[in-house]
Amino acid sequence: WEFNGSFYQPSAFLMMGIPGLEALHHWISIPFCAIYLIALLGNCMILFIIKKTQSLHEPMYYFLSMLAVTDLGLVLCTLPTTLGIFWFNIRRIGFDACLTQMYFIHILSFIESSVLLAMAFDRFIAISHPLRYPSILTKTTVIKIGLAIILRGMVSLLPIPFLLKRLTYCGKTELSHSFCFHPDIMNLACADIKVNVFYGMIILLSTVGMDFIFIVLSYILIIKTVISLATKEKCLKALNTCVSHICAVLIFFIPMIGLSMIHRFGKNVPPLVNTLVAYIYLTIPPALNPIIYSIKSSHIREALFRALRRKSE
């Protein structure tokens with residue numbers, strides 16, 4: 001502990017694996033390794049295919065590349081500490097290292113939310129204004145959107161580590177997860193955390209909350225456009241281009257909302273439920289997104305088959 005008058009700050013926190021199943025951590029690590037491997041290989045494959053295939057150099061796939069990079073970042077943020085606990089029972093993480101991990105996990109989550117909004121906007125323009133699509137979403141515009149997404153996440157979350165560093169900590173230093181999460185850390189403080197709670201809620205609602213609302217509005221407008229199409233075949237073809245994105249939105253936002261609600265209002269929720277929702281939120285979307293887009297996108301599928309054929313020849 002560091003002591004300075006009445007100010008106490010732990011030198012480290014203790015991370016938690018899966019409560020009640022500590023004896024099975026080595027076995028539990030097997031499915032986690034599989035999920036992490038799928039996420040790493042799948043997203044790298046998406047990036048490789050888009051880079052090497054000239055026909056995929058268009059806005060929809062640029063945004064998909066951003067999603068893949070963000071998913072890789074999320075995986076690499078949580079993989080060392082999670083597998084460190086499961087394999088070697090390394091539970092200790094330094095205070096500053098914990099705040100750094102927390103900052104990047106939250107930034108990447110916010111970036112993923114914003115990228116999903118950008119992808120919804122892309123689908124809206126492609127379906128509602130197909131003739132103007134190339135002139136609206138130029139390569140320069142996509143780059144500007146990408147930079148704005150990164151800047152938004154970095155700036156909005158910059159105060160969070162400093163708000164945590166000003167708090168006095170006492171008693172428990174055990175986190176609820178195998179990674180550092182803002183609500184989890186602030187709940188260990190024995191000081192007034194109203195500022196942290198208020199700022200965290202405002203940022204969450206003004207970023208991820210607004211992203212979700214605008215995604216829903218985009219699909220309302222897309223459905224209105226699709227309904228006005230002349231034939232059923234055109235209607236189904238237009239909607240089919242959105243299926244992958246809808247799946248990505250659902251598998252990201254449902255666990256995220258669930259985890260936020262548990263941390264803020266779920267005082268009586270069993271620790272195992274809290275832990276499982278957190279793992280689903282941070283590991284399942286990065287693993288499933290490449291699979292979903294590989295199955296649903298014929299262009300990616302064809303490019304993948306061409307790459308595999310070239311390697312086998």
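Positions of Cβ are set from backbone N, Cα and C atoms, glycine also.
The feature domain 'G-protein coupled receptors family 1 profile' is assigned by TrEMBL to 42-293. As annotated by TrEMBL, transmembrane segment applies to 24-50, 62-90, 102-121, 142-164, 197-222, 243-264, 276-295.
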Does the transmembrane segment (102-121) reach the transmembrane segment (24-50), going by 3 or more CB pairs under 8 Å (6 or more apart in sequence)?
no
Which one of these stretches, 197-222, 243-264, 276-295, has the most C-beta pairs shorter than 8 Å to the transmembrane segment (62-90)?
276-295
Is it the case that the transmembrane segment (24-50) and the transmembrane segment (243-264) have 3 or more CB pairs under 8 Å, with pairs at least 6 apart in sequence?
no
Restricting to the domain 'G-protein coupled receptors family 1 profile' (42-293), what is the model's mean pLDDT?
90
